[in-house]
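Colleague: Questions regarding the structure given below will be posed in turn.
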C-alpha cells in the first residue's frame, strides 16, 4: 500500500497513516505508518 494514493489531511489529521496502520493490522502486524510515501508495517 502506498501512502501517496491515500494521502489527504483533515484539520491536521493525516488519514493515510491510519489507513496504513489498519492495513498492517489486517495482515497481522502491530500497526505501521507512512515513511517517504510508503506504508511501513511494524513487526
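Numbers here mean position along the shown chain, with the first residue as 1.
Placement of Cβ uses the backbone N, Cα and C atoms for every residue, glycine included.
For reference, Swiss-Prot lists these features for the protein:
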- 3-34: disulfide bond (DISULFID)
- 20-39: disulfide bond (DISULFID)
- 24-41: disulfide bond (DISULFID)
Colleague: Taking only C-alpha atoms and a 10 A limit, tell me which of 3, 34, 39 are near residue 24 (disulfide bond). These are the disulfide-bonded residues.
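Modeller: 39, listed in sequence order.
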Colleague: Do you know offhand how many angstrom separate residue 20 (disulfide bond) and residue 34 (disulfide bond) by C-alpha?
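Modeller: Roughly 7 Å, rounded to the nearest whole number.
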Colleague: Of all the disulfide-bonded residues given, 20, 34, 39, 41, which residue's CB has the most CB neighbours within 10 A?
Modeller: 20
Colleague: Measuring Cα to Cα, tell me the gap between residue 41 (disulfide bond) and residue 3 (disulfide bond) in whole angstrom.
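Modeller: That separation, Cα to Cα, works out to 12 Å.
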Colleague: Sort residue 20 (disulfide bond) into helix, strand or coil using the DSSP assignment.
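Modeller: It is helical.
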Colleague: In whole Å, note down how far the CA of residue 3 (disulfide bond) lies from the CA of residue 39 (disulfide bond).
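Modeller: That separation, Cα to Cα, works out to 6 Å.
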